[in-house]
Amino acid sequence: MPKKAALDELKWKEVKLPDHLDDFDGFMGLEEIEGVDIKYQPKGAMKEVIYELPEVHEKKDKKPEKRKKDQKEASEKKKKGKRTSPTIEMTSLGSKVTSKNYNEFSTLEEEDEHNSHGVDVSAWAHFSLSPEMLGSLSKAGFSKPMPIQSLVIPEASIGFDIIGKADTGSGKTLAFGIPILEHCLRNVDAKYVQALVVAPTRELAHQICQHFELIKPSPNIRVMSITGGLAVQKQQRLLNKHPHVVVATPGRLWSVINENNLTGNFKKIKCLVLDEADRLLQKSHFEELSKLLEILGNPMHTQRQTFIFSATFDEGLQQRLKKNMKGNITEKYNSPMENMLKEVRFFGKPKFLDANPQSAVASRVLEGLIECAPAEKDLYLYYLIMRYPGKTMVFANGIEDIKRITPFLNELKVPSYPLHAQLDQKKRLQSLEKFKNNPKGVLVCTDVAARGIDIPSVTHVIHYHVPHTADMYVHRSGRTARANEDGVSILMCGPKELSQLKRLCYRLKKKIETFINFPVDMSILDILKTRVVLAHKIVNLTRKDGRVGREEAWLKSMAQELGVESSDDEDPDLPKKSESSKNKKQIAHLRSELAPLLHEKIRTGFSGRYLTSGLVNMAEKLANEEVHDNIIGMDSISALEVLQKRKK
């Protein structure tokens, strides 16, 4: 008789995805199963799906010859002395070896190998971390704690609830990750979820998972993510295997646990983390977050510890939090953040920890200002990219600006990639992947890229427009100077944006004078003008031609649906078509003018005939290999060095 089985009980096999594909449009995995019959059984007015496994017959005993051959192969393997791995039982103080086949010298070999690849972690010693955690930090290359980690870990180890203000890229994931993983190490045999981390985006959730996997002190600690991109059924199965840490987005987590009554899995959690809390307060997340907080219940029953992190907090709220929330939060303060803090229900009075109290922007970010007319912003942008090449993120306020700036830079042979809300997931991932892999790439984006995306080694952030809010300026600038690196944030401001800049400075508690006026070489700007004018003409004609093409395609599709013959097919000499062909000829002509200019190196400060004459001794620079990549006659200096010199 075939055996009935639930969908979650079937033995699913993971399908290995091809390596040659660049991305999977946000698709995270695929599983398959064989030998299962699907039948439909009437159940009232509906039909119930039944999964049946075929009857399993016992296999006949192997032939004597085959059995002897297998025994011979097994004995040969035994003679070779293949070492078996020891079984390790984790305890709160360290590792206890329980295997009979354990070789004590193998530990020394592993230790030597570990030390040869790890870094010195003596700077972490005063945190009283377990040897396993110190070993993981050493192997991962974290030689010393960052400021937010130094503030959070001691307080979290005692058991305090934490409200942390930390810049993006400041190391806050490890600040809450280390205490959580230490707790999981002490309770590695627990059969329920120990910690829940809630993040606003799928990308951020997977980054947090990667960090946890990187530093987890024991392979027995299981970390799983619940986000879009994986089948709900698979996530439910994984959740039933009792992972220690769950990292999730609010919407998907709510749908997974609510549909199959898995809310009980989270009622005993010991740690709750709300990362990038300001973004979790958006309408798209807040409803599900409120429901999740209601399910978690009263922390007094489970002694649950709570961590809330954000890069920005309202000034008045900060003052009240610094007073340990004296008198609690009342109805007269009704900001979204405070309403959420009321819903969270802390175990005790939370500690407010600010890693950068002096400034909202990370201390390693140097901020520059370029004042220019709106019509000249493209010219100044091209100048910055040519003069200071490096991985650059350009933030604009509108999607139409992204659609114009990206092809403009591409016409100038600058590798540029768009990122905005109207792009589908596949194209977003393609742009991000190309940008990450190009050390001189430019990501032209709206504020969707300001949070939740960890892109290493971003050298410059350029604000093409003054951002609408101070919070967004902080998040944009936080894309650079991540993980103890230095970075540059340059704000381009037009005359009409001056009042907006003043409001921004007021919110950030700084004067406009604190922005360093970024120097611009006007002689190079004049040389680049011709290129920029030609590129503008090409882009304008291309976009105009594209609009005409889209209109024609729409009219044709409408005519086909109505069963009417298209008038375009009858008359090939329509004005639109002749205009389109004229535009194409103009574009080809303009590109032929631009090509030799782009091929030619920019020269400044010296004579082409006499290398030692003029303001720059070019012969000496060539001999000393002090030549700029794009501009002959200029020193190869970074934008960071320029701002550092002007700051002194």
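Just so you know, glycine gets a Cβ as well, placed from its N, Cα and C.
Keep in mind the model is a prediction, meaning the values are calculated, not measured.
When Ser95, Ser106, Ser170, Ser567 are compared with the annotations in Swiss-Prot, the one labelled phosphoserine turns out to be Ser567. Record note: of Ser85, Ser335, Swiss-Prot gives the feature phosphoserine to Ser85, with no matching annotation on the rest. Of the residues Ser99, Ser566, Ser578, Swiss-Prot records the annotation phosphoserine for Ser566. Checked against Swiss-Prot, the range among 6-34, 122-150, 528-556 recorded as motif 'Q motif' is 122-150.
Each residue in Met146, Ile148, Ala175, Ala311, Ala355, Gly478, Arg482 lies on the same chain as Ala166, Asp167, Thr168, Gly169, Ser170, Gly171, Lys172, Thr173 and has a C-beta within 8 Å of the C-beta centroid of that ATP site, without being one of the site residues.
Sequence-distant contacts of the motif 'DEAD box' (275-278) (same chain, at least 6 residues past either end, Cβ-Cβ under 8 Å): 172-173, 176, 197-200, 204, 208, 308-312, 337, 340, 451-452, 471. Secondary structure at Thr168 (ATP binding site), taken from DSSP and collapsed to helix, strand or coil, is coil. Within the same chain, the residues at least 6 positions away from Gly171 (ATP binding site) whose Cβ sits under 8 Å from its Cβ are Pro145, Met146, Ile148, Gln149, Ala483, listed in sequence order. Sorted by the number of other CB atoms within 10 A, the binding-site residues Thr168, Thr173 start with Thr168, the lowest. Cβ neighbour count for Asp167 (ATP binding site) (all protein chains, 10 Å cutoff from its Cβ): 26. Sequence-distant contacts of Gly169 (ATP binding site), defined by Cβ-Cβ distance under 8 angstroms and a gap of at least six in the same chain, are Ala362, Asp454, Gly478, Arg479, Ala481, Arg482, Ala483.
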